[in-house]
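**Q** Quick one: structure below, then a few questions.
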Amino acid sequence: MGKSSIYMRAAEKMNATLLEREQEHEREKEKEREQEQQQRKSKGKRYRDMRRSRTIIQAEQLDILYGCYFKDPNPGKHEFEQISEWVHLPKKVVQIWFQNMRARERKESSFLPHSSSRRPRTHLSCLQLSILQSCYETCAHPNAMECEAIGTELNLPLKVVQIWFQNTRAKEKRWRLQQEKMVNGLRCLHFNM
């Protein structure tokens, strides 16, 4: 009985020591994590401190900037210097304002429908597509007269028929090249085995 209680106390002591070590190890890990977080935060703060504060442009300055922009949206170096003197802002601020305006204009124009010079996309019916496909299988390179005849039959403009044939040939060519790459890849794989 005495012997087993000694073993029990030794085991308890050993467990307590191991538990203490484990807890100490966890505390050290936690400290390291906190230090890493602090370092990351201070790096981010340093970066934010390095950035220039945002420039507030007054209404009078904006009037001048817009006037200059509508005259020339992409001025040269000397024009930027002149404009920055007129608006009493650093040249870099003026350049960035112009960049942002051009980007905003491009973004807005991308939401507008395409210009009237471009014709709307033609949507082909299943019947038109199947007829075009069978014509393609007969002759992949029809001449202008053949395209016109097909267009008349399908009630499609000549240009639409010609472009459909061009696109179909291009798709077929891409598909063939893809197949060749796959076959060559398999050959290389087989050869290396």
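Each residue, glycine too, has its Cβ placed from N, Cα and C.
When I checked TrEMBL for this same protein, it listed these features:
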REGION    19-51  region 'Disordered'
COMPBIAS  19-39  compositional bias 'Basic and acidic residues'
COMPBIAS  40-51  compositional bias 'Basic residues'
DOMAIN    48-108  domain 'Homeobox'
DNA_BIND  50-109  DNA-binding region
DOMAIN    115-175  domain 'Homeobox'
DNA_BIND  117-176  DNA-binding region
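Map these features onto the structure and tell me what's around them.
**A** Confidence across the DNA-binding region (117-176), taken as the mean pLDDT and rounded to a whole number, stands at 88.
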**Q** With helix taken as DSSP H, G or I, strand as E or B and everything else coil, how many residues of the compositional bias 'Basic and acidic residues' (19-39) land in each class?
**A** 21 helix, 0 strand, 0 coil
